[in-house]
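For 4-118, the entry in TrEMBL reads domain 'Response regulatory'. The domain 'Sigma-54 factor interaction' annotation in TrEMBL covers 143-372. Annotated 4-aspartylphosphate per TrEMBL: Asp53, in sequence order.
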Amino acid sequence: MTHNILVVDDEPKLCDLLSSALSQNDIQVFIAGNGLHALKVLEQEDIDLVISDWRMPGMDGPQLLAEIKVRYPQLPVIVMTAYSTVKNAVQSMRNGAYDYIAKPFDIDELDITVAKALQFRDIMRDNARLRAELDEHAQFDSLVGDSPAFRRVLHAVDSVRESNATILLTGESGTGKEMVARAIHKHGNRADKPFVAVNCAAIPEGLLESEMFGHRKGAFTGAVADRVGRFMQADKGTLFLDEVGDMPLALQAKILRALQERVIEPVGDPRERKVDVRVIAATNKNLLDAVANKEFREDLYYRLNVFPIPLPALRERVEDIAPLARHFAHSLSANAGKRITGFSADALQAMAAYSWPGNIRELQNCVERATIVAASPVIEDIDLPAYLFASQPTERGVTTILSEGPGVPQDLDAALAEVEKAYILAALQESNGVQAAAASRIGISERSFWYRLKKLGIQIDKIVR
């Protein structure tokens, strides 16, 4: 490895002597006649070691050392002095010098001191490189997975985190859209500002405008005080609009204006307020279909879809099930005061074979239950919910559906609908027909569960209890 050494001295003969003595063994020597000249060289060259005289006209050795420690704190400095007193040596070391040598110096002693300083420099560089690699690996520590499908997500997140571009996260319910949004905020240029999340599907339509933009006292019945809306709460930070596909059309126009013009109007207040927010939107719907059906504004879709990041379903990243399960078990067991060290091979196999329609949220619920009931530090297959095994080939499930001859669905969508229906029926039966309990069991919201019941034509009163 080639090293660059900067020699700083106002005596040309000494500089030539040092240059001659050091210009070997892959060492390149740069010369500076004073401290100011040395700083210019440091700005232009990648220097590994500075050897500086103690006394020089203008900026002397102590002043140069102090400046280097501020600008280049990892750069070692060796101080030379003809005044080899303990006082000067101790002072230079206290001020951050790596070592010192006395003039006139011994060549062998010089070689040893320089070699140690360069070794120190190499170690510091290696440590910095390793820290950078660890930081890169851990920078999205809340996003667990190493499958090709998920690596594409991590790459997209890394590409956009420092920008202010609007992001649209798409994917099935439970795929971790809010987790990804929080990671983008945490590792972006607004990390020290607020992250405000709004579930557009959970707020009654009549209150959404007030929730988003705020209102003035007396603006409507029940407005007993001024309210700051979510846009203002997220000012200078990130606003996460979850389930944006469920937003009413009337509100979509106002959201579009806020994104385009960066101004809002609280309900009951004609004055415009400037806002500076980075918007991350998320949906489990196909917004292009919603646009075609006149359920979503086309202009808002294109405003939100500046940087789309599709999130894969858990069944599309089977390699990540085991590390995700371990991650959840570690955090959940710590909160529960239990010690869970891992999963048995049978438990991991059962989880890998399951289709996880509720995705990561369902997996987390499953692991939480298993953590509670586990009798040993290792979670066994017997600790997992029974419905995981209902989809195994030995039970009535996909295998049965696809082997019924004339009743076999004619396309993939129909086949998946049959599997989903059987799965939801099993969850309802285990929950004694209670929708909220069944929705919680499979890790989706009650609204999503009700939507699936309606879509699949499942009637609760006909469920066998």
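Glycine too: its Cβ is placed from the backbone N, Cα and C atoms.
In the predicted model, the domain 'Response regulatory' (4-118) has a mean pLDDT of 87. DSSP labels the residues of the domain 'Response regulatory' (4-118) in these numbers: 53 helix, 25 strand, 37 coil. Around the Cβ of the residue listed as '4-aspartylphosphate', the same chain contributes Val8, Asp9, Asp10, Glu11, Leu14, Gly61, Val79, Met80, Thr81, each under 8 angstroms and 6 or more positions distant in sequence.
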